[in-house]
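Chemist: I'd like to ask some things about the structure below.
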C-alpha cells in the first residue's frame, strides 16, 4: 500500500513538472509571431536584395540582416574616407591656385615697376639732352637739385630746366654740303641751296669689291651660278641602255607633214643603267626622260623625240638637261629613242577609224544622192535661148520628200565629215616597253649645292608645352 501511494505521488509530480514546462514553452509564442510577420512583410524583390528566402529561420534572417548592416557600414566608412580625401585634394588645389595667382600678381607688379623705372630713366635722358637744352620756352619747371657736384656742398636754390615741347626739330649733320641745281657748292643761307651728304663708302664702291657687288646686283642669278659645280658630261652620240617606258607611246600619224598636239611620254632610267658610252655615273640615283612621239603608218611604229632629262643625285639634288632652242615644229630634241636592237622606230599597233568613217560617209552620201535624184525626177528642165528653166511637172509630194531627205542627209554627212576630220590615225605602244635613249648633243650635268632637293629632312618630334 505504501509503494502504491509513492508511485501516485511521483506520477503527479512528473505530470505537474511536464505541465509547467509546457506552459513556459507556449508563453513566448506571441513574442515571436510579431517579428516574423514584420520580417516577412516584404516583396519578393526586396527579400532577394536582402538575401532572404521563405524557408529561413528567424536565426538565419537575423544573421543575414546583421551581415547586410555590417556591409553597409563598411561601404559608408569607405565613402566617408574617400570624401575626406577629396576634400583634402580640393583644399590643396585651392592653395595652389591661390599661390599661382599671387605669383602672377607679383610678376605683373614687378614688370610694371620695371617699366615705370625705364620710363623715368628715359625722361631723365630726354630732359638732360642737348637738344632740349637749346629749346627756348617760357614754361619752366622747378626741380630741386638731387645730384650735387663734389666739393661745392649743398645748394638750396632750385635748378630750372626747360620743358619739352611737342614736335620734331631737324638738326643738319655737321658734314652736310649745300649745292645748287647745277651741283655747285654754295652757302647754306642761299634759298636755292640743297643739302647733300658725302658718301664715306665712295672709295670702297670704286674698288674691285664695289665693282663685283654692282655686277652681282645687276645679275642676281650670277651668285647662284657661281656655286654650280660641273659634275658630269654626257657627250654627243652617247647611249643610255636599259630604259623602261613609264607611259604608253602614242604616235600620231602626220597629216601633210605636220603633227598637231603630239602626245608626250616618259621613260625611267635606273642607277644601274646610267652608262654613257661605257662610263658609269655613280653619284646619280636615276633619271627621268620626257619627250613627244610621232607615228609612222607604213612601218607601224612610233618615233620618240627626247626633249629633256631630269637627273637626281644621291643627296636628293635635282639637275635638268634640255635644249632651250625652238625649231620649226616645237622644241629641238636632245635625243631619240630606239628599241634594244637599234631600230630607231619602236613597233606598235595601228589605231584608226577609217573603216567606220568611210562606210558611214558612203552610206550618207549615197542616201543623200538618191533623195536628190528622187526630187529631180519630178522636175522638167528646158533650155531656151541659152537659159535653163526647171519646173516641177511630176508628183509634188515626192519632190518635197526627196528635197527634205536629201537636205537632211547632206547636213548629216557634213557634220560627220567635220567630226571625224578632227580625229587622227595613230600607232600605239603599251607602257613597260624596253627602249634605248640615244643622245644627239652634249649634255652638261652641273651640281648646285644650293639647288632644290627631292626631299628635305624634317624632325618628326612634336613640341609640347611644359
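We count from 1, first residue shown onward.
Quick reminder: no glycine exception, Cβ is built from N, Cα and C everywhere.
The model shown is predicted, which means the values in this text are computed figures rather than measured ones.
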Chemist: In TrEMBL, one of 182-229, 230-277, 278-325 is tagged region 'Disordered'. Which stretch would that be?
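Modeler: Residues 182-229 are the ones TrEMBL records as region 'Disordered'.
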Chemist: With the ranges 93-114, 115-136, 137-158, 159-180 to choose from, which does TrEMBL describe as region 'Disordered'?
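Modeler: Residues 137-158 are the ones TrEMBL records as region 'Disordered'.
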Chemist: Can you give the mean pLDDT for the coiled coil (62-125), rounded to a whole number?
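Modeler: It averages 87.
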Chemist: Would you list the DSSP helix, strand and coil counts for the residues of the compositional bias 'Polar residues' (189-198)?
Modeler: 0 helix, 3 strand, 7 coil
